[in-house]
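Taken straight from Swiss-Prot:
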type	residues	note
COMPBIAS	408-418	compositional bias 'Basic and acidic residues'
CARBOHYD	N204	N-linked glycosylation site
CARBOHYD	N218	N-linked glycosylation site
MOD_RES	S394	phosphoserine
MOD_RES	S416	phosphoserine
MOD_RES	S420	phosphoserine
REGION	398-425	region 'Disordered'
TOPO_DOM	1-7	topological domain 'Cytoplasmic'
TOPO_DOM	29-52	topological domain 'Lumenal'
TOPO_DOM	74-92	topological domain 'Cytoplasmic'
TOPO_DOM	116-119	topological domain 'Lumenal'
TOPO_DOM	143-147	topological domain 'Cytoplasmic'
TOPO_DOM	169-228	topological domain 'Lumenal'
TOPO_DOM	250-263	topological domain 'Cytoplasmic'
TOPO_DOM	285-303	topological domain 'Lumenal'
TOPO_DOM	325-330	topological domain 'Cytoplasmic'
TOPO_DOM	376-425	topological domain 'Cytoplasmic'
TRANSMEM	8-28	transmembrane segment
TRANSMEM	53-73	transmembrane segment
TRANSMEM	93-115	transmembrane segment
TRANSMEM	120-142	transmembrane segment
TRANSMEM	148-168	transmembrane segment
TRANSMEM	229-249	transmembrane segment
TRANSMEM	264-284	transmembrane segment
TRANSMEM	304-324	transmembrane segment
TRANSMEM	331-351	transmembrane segment
TRANSMEM	355-375	transmembrane segment
Amino acid sequence: MESNCGHPMLSVSSAMYTFLLGAIFITLSSSRILLVKYSANEENKYDYLPTTVNVCSELVKLVFCALVSFWVLKKEDHQNRKLRCGSWKEFFNFMKWSIPAFLYFLDNLIVFYVLSYLQPAMAVIFSNFSIITTALLFRIVLKRHLNGIQWASLLILFLSIVALTSGTETSQHSLAGHGFHHDALFSPSNSCLLFRSECPRKDNCTAKEWTFSEAQWNTTARVFSHIRLGLGHVLIIVQCFISSMANIYNEKILKEGNQLTESIFVQNSKLYFFGVLFNGLTLGLQSGNRDQIKNCGIFYGHNAFSVALIFVTAFQGLSVAFILKFLDNMFHVLMAQVTTVVITTVSVLVFDFRPSLEFFLEAPSVLLSILIYNASNPQGVENVPRKERIRDLSGTLWERSSGDGEELERLTKPKSDIESDEDTF
């Protein structure tokens with residue numbers, strides 16, 4: 001009985017940490033979407049290379065995690081010795097991190113394209129499609145069971161998104177004319193004047209690379225004209241698949257085997273090493289990027305918003321890593337839906353986003369299907385995520401372990417021998 005006395009306090013502490021982590025993620029995610037939009041110029045294009053934002057944010061995360069990792073490994077000599085003794089198995093385990101790094105690289109790059117064609121509110125609403133992709137990949141990759149109510153809510157969600165898509169008429173030409181943000185965006189640079197003088201003949205060579213030909217896309221997508229499908233809609237569906245795959249694979253390798261007890265900063269150092277590598281290769285391999293960096297430097301075209309975007313993107317990536325390590329993908333998806341509400345509200349107030357009557361009728365269907373999905377989650381798959389959370393938190397923060405009924409009793413009994421607990425998991 002005495003061993004259970006502290007559990008209510010630990011449960012409150014765990015709930016506080018969970019709430020704080022969710023609030024941080026929502027704030028950073030909302031800020032990131034708004035900063036991407038604010039960092040564009042009057043033509044809704046980017047005067048800087050978007051890849052430079054991703055390179056710098058990955059570098060910020062790598063430096064931060066590497067410094068913390070060195071401090072952690074210094075305190076744990078046995079892990080330090082293990083790292084010195086390399087083997088092929090450890091090398092292949094290290095190379096595993098290249099897969100989510102590449103997927104995150106694609107995900108971060110597509111965001112710039114999406115927000116060139118869609119309002120932030122519409123982009124976030126359509127990104128709810130990630131619930132479907134996450135659920136499917138949960139079932140296939142993580143073998144997670146979904147009950148009938150959850151599948152029904154996913155079907156309602158999908159149909160609501162299709163209806164929402166067919167009922168919106170957002171013109172990409174009108175995007176640059178919203179609000180008052182254009183005048184304060186661009187900070188002209190004094191460098192590379194010669195390079196800039198050649199750009200007008202090439203139709204703004206910096207910004208041109210980051211938009212698609214509208215005429216070419218319209219002829220390609222004419223078959224979808226009856227549902228008013230645009231390039232932004234297709235891109236965001238692709239982004240949902242890529243983002244879901246990245247997060248699920250990342251959660252899998254964060255928690256599988258002995259990775260569960262490894263420091264999250266050591267794990268993230270491996271991930272961000274490949275993130276810097278992939279984004280850096282993109283800068284070097286594209287001739288347009290190479291010429292601009294050679295003549296103007298890597299920070300040409302950046303403004304206050306894009307610089308802030310670098311750090312917000314970095315810390316948002318860190319918050320996602322903490323969610324996947326200590327919670328799970330479904331919590332991440334749920335917090336993304338709260339971000340939807342925040343971005344929609346801000347778009348109405350700042351970007352002069354004026355929802356139609358159809359929007360007000362169909363958007364609640366999206367949010368209600370999300371609510372039904374998450375409300376049915378404890379009834380259908382309670383045991384699996386609960387066990388994962390307990391396993392995950394018990395590997396690092398033993399005092400934050402939580403559970404209900406027999407499950408908690410079973411986990412707290414062998415508390416005198418923590419290592420045997422790990423072996424059974």
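Glycine is treated like the rest: Cβ placed from N, Cα and C.
As a quick check, the transmembrane segment (120-142) and the transmembrane segment (304-324) miss the bar of 3 or more Cβ pairs under 8 A, pairs 6 or more apart, so the two do not touch. Contact between the transmembrane segment (93-115) and the transmembrane segment (264-284) is supported: at least 3 Cβ pairs lie under 8 Å, counting only residues 6 or more apart in sequence. Long-range neighbours of the transmembrane segment (331-351) within the same chain, counting only residues 6 or more positions beyond its ends whose Cβ lies under 8 Å from a Cβ of the stretch, are 18, 22, 25-26, 29-30, 33-34, 37, 119-121, 124-125, 127-128, 130-131, 134, 178-179, 181, 247, 320, 323-324, 363, 367, 370, 374. Counting Cβ pairs closer than 8 Å to the transmembrane segment (264-284), the top stretch among 53-73, 229-249, 304-324, 355-375 is 53-73. Of the candidate ranges 53-73, 229-249, 355-375, 53-73 has the most C-beta pairs within less than 8 angstroms of the transmembrane segment (304-324). When pLDDT is averaged over the topological domain 'Lumenal' (285-303), the result is 77.
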